[in-house]
Amino acid sequence: VSNYLCRPWELFLIRKLSHHLIVLNYLICTFDKLKSVSSEDIKITDAVFDGVEVRVFEPPAKGDESLKRSVVYIHGGGWALASARTSLYNNLCRIMAESLNAVVVSVEYRLVPKVWFPEQYHDALRATRHFLQPDVLAEYSVDPSRIAISGDSAGGNLAAAVCQQLSKDEDLPVRPKLQALIYPVLQAFDFNTPSYQQNMNMPVLPRYVMINYWIDYINGNYDLAHELLINNHTALNVGRALSFRARLNWTSLLPPSFKKNYKPVVQSTGTEAIVERLPALLDVRAMPLLADDATLARQPPTYMLICENDVLRDDGAMYAARLERAGVPVTLDHFHDCFHGCMIFTVWPTDFSAGVQTRNSYIKWLDENL
């Protein structure tokens, strides 16, 4: 069996994983959600922004300081897991608010299986647009010229998609100054990039888990897993996919140290019915890496954190390369010894050095640029 084919055990795990994810999220959200308990250092409140729940972290005013900078943060979890209120994300946003002396808005978007794409995207967009209104920013004493949008993993996907849409909104009075994306998932066009091939069995996010997340997000059928994983949905005979191929041609977007000796997996004949049944597979709101160059040129300065031991390494690296080619200032922060999801693991018993290292680098960039 070649190294890119979907092995039978992968298909078995894909079908079994959905039920376990639902149970896992129930346990997480039942036993790990923290109430909005403030301290003398940070005021934590729950609010609703245009019908979307958010958790707001506010540091105390310092002296004659009038306005603060701010970060809109969108949590990860494959569009199906976690919460702005779980201890891991509550801790991250509290530390961000303290370290940056910034107002942090953590978006509690709805999850699979209650909703599917594009509802998660709409939730993130509505909450962000609401916060960017001048009267709302004034209520939280936020400087409208110093706002970043950020997220990790699936939250990075939503942050990138929201940032693209905001850049097209001509009536928006306030726009993000920066975007900061943490190992984001940005495409389902090619499941055989070098990082997908290299890390297909990597713990935390092996390839079969990522394909499960995608199938769930776009409300697809697990029977399509094999065809997706060998790129039958973007074969050369799939007309709808042709115009997007050059936008994520990893042979030209990735450095030699990433490409190594891996070969592209491009099927000559595939199944066009897949994208007809699941148009989200080519929808830029779900796949920000598919955006055209004109859209990318309107994006704000970008921080991109990627990890070597991650199937999504190349999603972030390709997006960074395309943004740079479009004239956007980009900081690509590549951690050679870190893994997907590591940044939130900074609290006992999962207080990993990789988590502290990546979190500190991310916060340092925001501090210097926001």
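Glycine is treated like the rest: Cβ placed from N, Cα and C.
Feature annotation from TrEMBL assigns active site to Ser153, Asp310, His340. Taken from TrEMBL, the feature domain 'Alpha/beta hydrolase fold-3' applies to 71-229, 282-343.
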| Are there any residues in the same chain, six or more apart in sequence, whose C-beta is under 8 angstroms from the C-beta of His340 (active site), and if so which? | Ser153, Tyr183, Met202, Val204, Leu205, Cys307, Asn309, Asp310, Val311, Leu312
| request: Looking only at the domain 'Alpha/beta hydrolase fold-3' (71-229), report the model's average pLDDT. | output: 97
| query | Counting every protein chain present, what is the number of Cβ atoms, excluding its own, within 10 Å of the Cβ of Asp310 (active site)? | reply | 27
